[in-house]
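Inspection log for the structure reproduced underneath, given as structure tokens.
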Amino acid sequence: MARGRAGALLSAALALALAQRCAAFYLPGVAPQDYEHGDVVGLKVNKLSSTKTQLPYEYYSLPYCQPETIVNSAENLGEVLRGDRIENSLYQVSIGQDEQCKLLCKLTLNDKSAGEFEAKVKDDYRVNMILDNLPVAMVKMREDNGKPIKTYERGFPVGFMASSGQKGDKAQAYLHNHVRLTILIHKDIETEMSRIVGFEVEPFSAAHKQGKSGALSTCDPEKMVYVSHEGEPQLVASGKEVIFTYDVLFRLSDIKWASRWDTYLLMTDDQIHWFSIINSLMIVLFLSGMVAMIMLRTLHRDISKYNQLETVEEAQEETGWKLVHGDVFRPPAAPGMLSVLCGCGVQLTGMGVVTVLFAVLGFLSPANRGGLMTAMLLLFVFMGLFAGYTSARLFKQFKGTEWKTNTLKTAFLLPGAVFAIFVCMNTLIWGQKSSGAVPFGTLFALLFLWFGISVPLVFVGSYFGFKAPAAEDPVRTKMIPRLIPEQAWYMHPAFSILIGGVLPFGAVFIELFFILTSIWLHQFFYAFGFIMIVGMILVLTCAEIAIVLCYFQLCAEDYNWWWRSFLTSGSSALYMFCYSAFYFYTKLDMSRTTSTALYFSYMFIVSALFFVVTGTIGFLSCYAFVRRIYGALKVD
């Protein structure tokens, strides 16, 4: 037992070291682009995004300055699903050449355009731009142990709300019509070639006044406003003329091209991640000690004593888990549904493991926008092979015969439910005319992946799974079911299932906070090393808590462990959904009914998938545990 704990501690130490090395490791993406002095670089615009509405819109849905021909950049499947719409713009950047107050365009606001700008300002929409595959970001300085650290905040606001300060004055919308673009470049001394390693922005609001010569007399940093009341900002009102301008400043940087994403992905709260991991490891070590005690002491003693009994009368005097050997492998209620859920759980677990492994190794670089979602979809599709095999094997073990019906349920039940909710939410988004609405072409591509690849693979896996001989039970099942004695209150299924979900959720809820913040508050997150370690801890916690509670259940002579083992660890999904509701009311400020429906619908989907994954881990662990302990009994 001491040797086992030492091994666990050594594994934990290695895992922590790996997480530290992999937390921000990534491949920077495509080959670097070298620029000569004066080369023109196209600045592209992306969606308008808001944490208050969660509904992205195309950049040119607002009356910004447009080029004569708008060219859409090719987007991958993940980018389309995220609502990205990347287009060209009038902004011109020449490497090494600073620009001061360059005129972009002029427009006069009417009732419609003023209303559109004001609505987006009130909803805290932010503008997203891309230069050399780097997203634009505002600089935010933070202190860490007294040292200033530069961090990035994605995009910049469309404008801001402010009042004149007089009593009774209503807040008015002001527009950021001037941006100062600071481009960091790393120059090679030998070749004199430059590489872009940073893209920063500082927005201003200025009521430009153009003289007779065309010069802008107000284009002075002292007269520009960003969330202050000095100078004259650009008011959003019908009839107002708006002049859009921009500055371009180039600054030499020591940052190398391979490290240019470091500032975007910088974590200033990594100590919280370490605290979460250490806290979870304590839970795992505690459960490991309990499982080791059960396996090495109690079970070993009970099995040795039971095998030494010589008469039937002596065996009948025994109590506990040994007496239910004739019923413990009796097929459960709804065996088909249990096998289908386990098959889907294996599919989702395989997708998650491979995705996180690829991300830790750096193959899912943040430079590849939408790459993570694309990889997850493709891996889920190809993991259908393992879903069909696992489901068919369990279904045959449960003495099922209609393997084709079981295969159809495996291929359509979970993906179909998720797709139905997704289509309903997509209809709501489409009604809001948001770019987050998935086009019909993308929906067709998703259906092709599902029906053309995933479903056939599920059938192939199911064919081989049902063709393979079923595993022989270590003990025979009696014809007449044994009467289950009255259980104590703490062994009631509802109570033990709810208790069983606490520890798995406790192992992941801190990391869950950062994931939710990344998704719903649009912050950069690339701590896949931490996610990998927390995922490993989650697997161990689900397996061990399910085994411990299953052992207590069998000791109480209750042999209905099949569904109980699945629901014990799977109940952690209930706590996840409750936590997501708590997060919504404490951290988010969503202003629309559509946004609220989107949040809870997608969090319900995530919680349901988490239920299937954790339930599958708990069930398969208990299945192996029960086969092992009853296989050691000598029963005639």
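The first residue you see is number 1, and the count goes up from there.
Every residue, even glycine, has its Cβ placed from backbone N, Cα and C.
Feature annotation from TrEMBL assigns signal peptide to 1-24.
Residues or ranges marked as transmembrane segment by TrEMBL: 274-296 (among others).
Taken from TrEMBL, the feature transmembrane segment applies to 338-364 (among others). Long-range contacts of the transmembrane segment (338-364) within the same chain, counting only residues at least 6 positions beyond its ends with a Cβ under 8 Å from a Cβ of the stretch, are 22, 25-27, 332, 371-372, 375-376, 379-380, 383-384, 386-392, 394-395, 398, 400, 406, 409-410, 413-414, 526, 528-529, 531-532, 535, 562-563, 566, 609, 612-613, 615-617, 619-620.
The transmembrane segment annotation in TrEMBL covers 370-390 (among others).
Annotated transmembrane segment per TrEMBL: 411-431 (among others), in sequence order.
Among the features that TrEMBL reports, transmembrane segment is placed at 443-466 (among others). For the transmembrane segment (443-466), same-chain residues at least 6 beyond its ends with a Cβ under 8 Å from one of its own Cβ atoms are 77, 377-378, 380-382, 384-393, 395-396, 403, 406-407, 410-412, 415, 419, 423, 426.
TrEMBL lists 487-520 (among others) with the feature transmembrane segment. Beyond its flanks by at least six residues, the transmembrane segment (487-520) meets 51, 54, 272-273, 275-276, 279-280, 283-284, 287, 527, 530-531, 534, 537-538, 541-542, 545-546, 549, 552-553, 556, 558, 564, 567-576, 579-580, 583, 587-588, 599, 614, 618 of its own chain at Cβ-Cβ distances under 8 Å.
According to TrEMBL, the transmembrane segment annotation covers 526-554 (among others).
Per TrEMBL, transmembrane segment is recorded for 566-585 (among others). Cβ atoms under 8 Å from those of the transmembrane segment (566-585) belong to residues 338, 341-342, 493, 496-498, 500-505, 509, 512-513, 516, 520, 541-543, 545-546, 549-550, 596, 599-600, 603-604, 606-608, 610-612, 614-619 of the same chain, restricted to positions at least 6 beyond its ends.
Residues of the same chain lying 6 or more positions beyond the ends of the transmembrane segment (597-626) and with a Cβ under 8 Å from any Cβ of it are 54-55, 328-329, 338, 341-342, 344-346, 348-349, 352, 414, 417-418, 421-422, 424-425, 428-429, 500, 504, 520, 538-539, 542-547, 550-551, 554, 561-562, 565-574, 576-577, 580-581, 584, 588, 590. Positions annotated as transmembrane segment by TrEMBL: 597-626 (among others).
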